[in-house]
Amino acid sequence: MIKETDLENIPDLLVKFNEPLSKYTYTKVGGPADILAFPATIEALTELLVKAKSTDTAVTVLGNASNLIVRDGGIRGLVILLEKLESVKVAGYTIEAQAGAKLKEVTQVAQANSLTGFEFACGIPGSIGGAVFMNAGAYGGEISQVLVSCKVMDTDGNISVLTASEMQFGYRHSVIRDKNLVVLSAKFELQAGDPTQIQNEMNRLNFLRESKQPLEYPSCGSVFKRPVGHFAGQLIQEANLQGVRIGGVEVSKKHAGFMVNVANGNATDYEKLIAHVIDKVKENSGVTLEPEVRIIGEK
């Protein structure tokens, strides 16, 4: 296990011990990380991973902790949050963004530079790293449509670049998940557009999101993947599950595809409610819902 003294001499690194992850997750649930680290440079991240490897320390890397539930027992070993790796650069029609850059901010950079194609992501919570990891998407667009390459690091600290085809994108899936890689940055190829039209489209999508999604409460975003031929929210509605609550977490009355933390709920409440919804939807429609949200950590 990595020791505090192992981390003291790594520059550009903030470290916290026994830190509640509920302070950082969008759901506002999650037990403590043994060690929580915030590298501000690629060099700091590299050194951190090398130290973890040499001390046989388990590593969990998080982007912006949005489409995620951390269990109440927390996460053992080292947890790395990439939120300080947030630079965004523009060159011609290409945007390169580091893993910790927020999607919303990257879409604003695209608009300011008259680049279109990234509008779909303007309301998706979370970071570039997390979005690439799960091929995030909304309103007919997804990351795989605009990504041209991705810089990644393995657990030994080796850096490589994957092309879009090497990313093996699927629905809410990429090779990053399979190979335990860390996203460092991603390059996106966009097209020339009119900044006013781009902003109008982003305004339209944000209005749709705000009118349909329960943004007033903590949540993990969309809980379930879209089943083939169906909509998860519609199936949940048809099973009369809207408003059903376990502990402090309920199926949103505004959008059945969301579960919101309305009364200081915990991760156990989320897991129980997810299991309950899966059972009842299966019973009502015969369709088995598959969670889109990642659930990690110890109970």
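Placed from the backbone N, Cα and C atoms, the Cβ positions cover glycine too.
Some features that Swiss-Prot has for this protein:
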- 28-193: domain 'FAD-binding PCMH-type' (DOMAIN)
- Arg172: active site (ACT_SITE)
- Ser222: active site, proton donor (ACT_SITE)
- Glu292: active site (ACT_SITE)
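Locations of recorded Swiss-Prot features on the structure.
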residue: Arg172; record: active site; Cβ neighbours (10 Å): 19
residue: Ser222; record: active site, proton donor; Cβ neighbours (10 Å): 22
residue: Glu292; record: active site; Cβ neighbours (10 Å): 19
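Rounded to a whole value, the Cα-Cα separation of Glu292 (active site) and Ser222 (active site, proton donor) is 7 Å.
According to DSSP, Ser222 (active site, proton donor) sits within a strand segment. Cα spacing between Arg172 (active site) and the residue listed as 'active site, proton donor': 11 Å, rounded to the nearest whole number. The average pLDDT computed for the domain 'FAD-binding PCMH-type' (28-193) is 96.
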